[in-house]
Amino acid sequence: MSNQHTLLTSNLLPVGSNISTWWNFGSMLLTCLIMQILTGFFLAIHYTANINLAFSSVIHITRDVPYGWIMQNLHAIGASMFFICIYIHIARGLYYGLYLNKEVWLSGTTLLITLMATAFFGYVLPWGQMSFWAATVITNLLTAIPHLGTVLTTWLWGGFSINDPTLTRFFALHFILPFAIISLSSIHIILLHNEGSNNPLGTNSDIDKIPFHPYHSYKDMLMITIMVTLLFIILSFLPNLLNDPENFSKANPLITPQHIKPEWYFLFAYGILRSIPNKLGGTMALTMSIMILMTTPFTHTSHTRSMIFRPLSQTMFWTLIVTFIMITWTATKPVEPPFITISQTTTVFYFSFFIMTPLLGWTENKIMMMKN
């Protein structure tokens, strides 16, 4: 056995033999991150962060640069794949009680916030119609902050409206934040290696562990291969599946799109924002839709870690999944009845998961005690 192989295998923790496919999404996320950084680097070489040239430079990349269309589409579709994997990764954590490993969960939530900021800045860079107006709407939310809001917005914009300085700083932030994501990912993985992975049963894995390599590493490779295959199928046959048609027009501050919306992976948060008629209230709800994930390690009441043996909590979990899909769907629709009512109802359901789950955990404990 080579020295390199010994070094690799000696640093890989043994893992519980019963972990399922849901445990493969961490390695898939790492693959997405590497792919995004590589494609992003090649795109940055040809991109021009200027409001008069940005849109043309993206067209130049797709038309004139050799394999530029592959790089551009890989980067755009790869971002969607990144968010699909991260949402499944979070759902797995909620279902199997992985949030009880507090340090790993809190570092992961910080990673999610950084990732969302990076994706938002990236969406603005092509300087299409939807890029411009989505940036205007979202950055304008800062004005809801009492006393400091207007000053913060002007500081972020680099002027009194979204203009050339805004695009320049958004490009700088979009370029630098992935390095912060690499650092946070390293911290996330190091913290995970303190205790090691949990398993679907939520029990201690020490009695039944197997080497990570080759058993789980090959399993990871299978899922990564499936993900990359799916990515290239979309890239080859449906490259504009996840794009907004409005973004094929250059940004025009004088023409407002009929329906302003961000990328699909932000629609659940945008739907929560729109469901509240008050600007400050909507901004707070938008922030809380992500930040509330940080409360889960401190509100767990059940004696059982995983939801696998808790039918009441399972019902709440699947209600949350359906709610997430419903909010995403309603956020694509105009602000008019019945979508306003649906949006408000689903927002209540979304937040009720984080309130009801601790109460259900307490109820389940009582039922178990009665049976004993």
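Using N, Cα and C of the backbone, Cβ positions are placed for all residues, glycine too.
As recorded in Swiss-Prot, the features of this protein are as follows:
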type	residues	note
TRANSMEM	25-45	transmembrane segment
TRANSMEM	69-90	transmembrane segment
BINDING	His75, His174	heme b b562 binding site
BINDING	His89, His188	heme b b566 binding site
TRANSMEM	105-125	transmembrane segment
TRANSMEM	170-190	transmembrane segment
BINDING	His193	ubiquinone binding site
TRANSMEM	218-238	transmembrane segment
TRANSMEM	280-300	transmembrane segment
TRANSMEM	312-332	transmembrane segment
TRANSMEM	339-358	transmembrane segment
Practice problem: Measuring CA to CA, name the entry from the binding-site residues His75, His89, His174 that ends up nearest His193 (ubiquinone binding site). | Solution: His89
Quiz item: Distance between His75 (heme b b562 binding site) and His89 (heme b b566 binding site) at the Cα atoms, whole Å?
Solution: 20
Quiz item: On a count of neighbouring CB atoms within 10 A, which of the binding-site residues His75, His193 is highest?
Solution: His75
Self-check item: Paired segments the transmembrane segment (25-45) and the transmembrane segment (218-238) in contact, 3+ CB pairs under 8 A
Solution: yes
Exercise. Sort out the residues at least 6 away from either end of the transmembrane segment (218-238), same chain, that have Cβ-Cβ distances under 8 Å to it, and list them.
Key: 21, 24-25, 27-28, 31-32, 70, 73-74, 77-78, 81, 85
Self-check item: Maximum Cβ pairs under 8 Å to the transmembrane segment (170-190) - stretch from the list 69-90, 105-125, 312-332, 339-358
Solution: 105-125
Quiz item: Counting only residues 6+ away from its ends, which parts of the chain sit with a Cβ under 8 Å from the transmembrane segment (312-332)?
Solution: 87, 91, 94-95, 259, 261, 264, 267-268, 270-272, 274, 302, 339, 342-343, 346-347, 349-350, 353, 356-357, 360-361, 363-364
Self-check item: Surrounding CB atoms that lie within 10 Å of the CB of His89 (heme b b566 binding site), all protein chains
Solution: 19
